[in-house]
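K.L.:
First the structure, which I've put down as structure tokens, then a few questions once you've had a look.
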Amino acid sequence: MDIFLAILPAIFWGSIVLFNVKLGGGPYSQTLGTTFGALIFSIVVYIFMKPVLTPTVIGVGIVSGLFWALGQANQLKSIDLMGVSRTMPISTGLQLVSTTLFGVIVFHEWSTIISVVLGVLALVCIIIGVILTSLQSEEEKNAEQAGNFKRGIIILLISTVGYLVYVVVIRLFNVDGWSALLPQAVGMVLGGILLTFKHHPFNKYAIRNIIPGLIWAAGNMFLFISQPRVGVATSFSLSQMGIIISTLGGILILGERKTKRQLTGIVVGIVFIIAAGIMLGIAKS
């Protein structure tokens with residue numbers, strides 16, 4: 001039962017972008033709707049959990065939420081250019097590398113020889129995985145498609161910065177996840193509005209995309225529930241499995257077309273990235 005709870009964040013988070021794309025509306029309406037969904041869920045959780053909200057918790061939570069919105073908005077823009085099945089493995093790999101390096105440099109997470117060896121192997125696996133999932137078909141090598149890929153990667157780098165700050169600012173100030181949930185959601189909505197208001201995102205698609213926001217917040221909640229039961233290392237490792245759902249869902253559910261060579265690269269690349277996530281989880285423990 002505990003392992004099942006720990007897998008739920010991966011299931012929920014892995015399906016978010018599939019819902020975003022299926023519900024439609026483009027990256028701006030999708031971002032805004034998702035943030036409102038997260039806010040609704042967080043308000044309900046706050047009513048039942050009643051965590052203590054200090055000025056530090058509120059401030060840090062809002063900043064974290066603002067940067068989450070930056071990460072999510074740019075991830076969705078990249079999906080618009082490159083598709084789910086290509087964007088998500090690369091995005092996951094970049095997030096793992098950035099958060100790992102930050103953890104090593106700032107928090108000195110790799111304190112033993114075993115953790116250093118596992119960590120370095122994990123980073124190598126991530127690089128291999130990202131390269132394999134980025135393989136282009138001959139058709140995609142034309143000028144327009146190649147331009148979309150380059151722009152998508154640049155946008156993903158911005159997204160990675162957003163997700164990195166979203167994660168590490170909470171840890172830097174040692175803020176409890178339950179306490180940060182509501183302020184985070186407020187920051188997400190503020191960030192969503194600031195990033196999208198010029199593009200007139202307030203429409204029926206924004207309302208539809210409240211659903212992915214509810215799903216994201218539920219995944220967050222199950223992560224908080226599972227961590228004390230299975231440990232941070234195991235919950236972190238299992239949460240990376242969402243890449244399977246999002247990537248294969250992009251191909252099977254959204255109908256993104258891939259050559260046999262690309263499919264092989266994606267499957268093998270996912271295996272490398274998941275292996276890296278597991279090794280990083282062990283290195284953190």
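Here the Cβ of each residue, glycine as well, is placed from N, Cα and C on the backbone.
Here Swiss-Prot flags 4-21, 26-48, 52-71, 84-106, 110-132, 153-175, 180-197, 210-227, 232-254, 266-283 as transmembrane segment.
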K.L.:
With the transmembrane segment (180-197) as the reference, find which of 26-48, 52-71, 110-132 contributes the most Cβ pairs under 8 Å.
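P.N.:
Checked against 26-48, 52-71, 110-132; highest Cβ contact count belongs to 52-71.
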K.L.:
Quick check: do the transmembrane segment (4-21) and the transmembrane segment (153-175) share at least 3 Cβ pairs under 8 Å, counting only pairs 6+ apart in sequence?
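P.N.:
The transmembrane segment (153-175) and the transmembrane segment (4-21): touching, no.
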K.L.:
At an 8 Å Cβ cut-off, counting only pairs 6 or more apart in sequence, do the transmembrane segment (266-283) and the transmembrane segment (110-132) clear the bar of 3 or more pairs?
P.N.:
yes
K.L.:
Sort out the residues at least 6 away from either end of the transmembrane segment (26-48), same chain, that have Cβ-Cβ distances under 8 Å to it, and list them.
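P.N.:
For the transmembrane segment (26-48), the sequence-distant neighbours (Cβ-Cβ under 8 Å, at least 6 residues beyond its ends) are 16, 20, 69, 72-73, 76-77, 79-80, 178, 181-182, 184-186, 188-189, 191-193, 195-196, 199-203, 205-218, 220-221.
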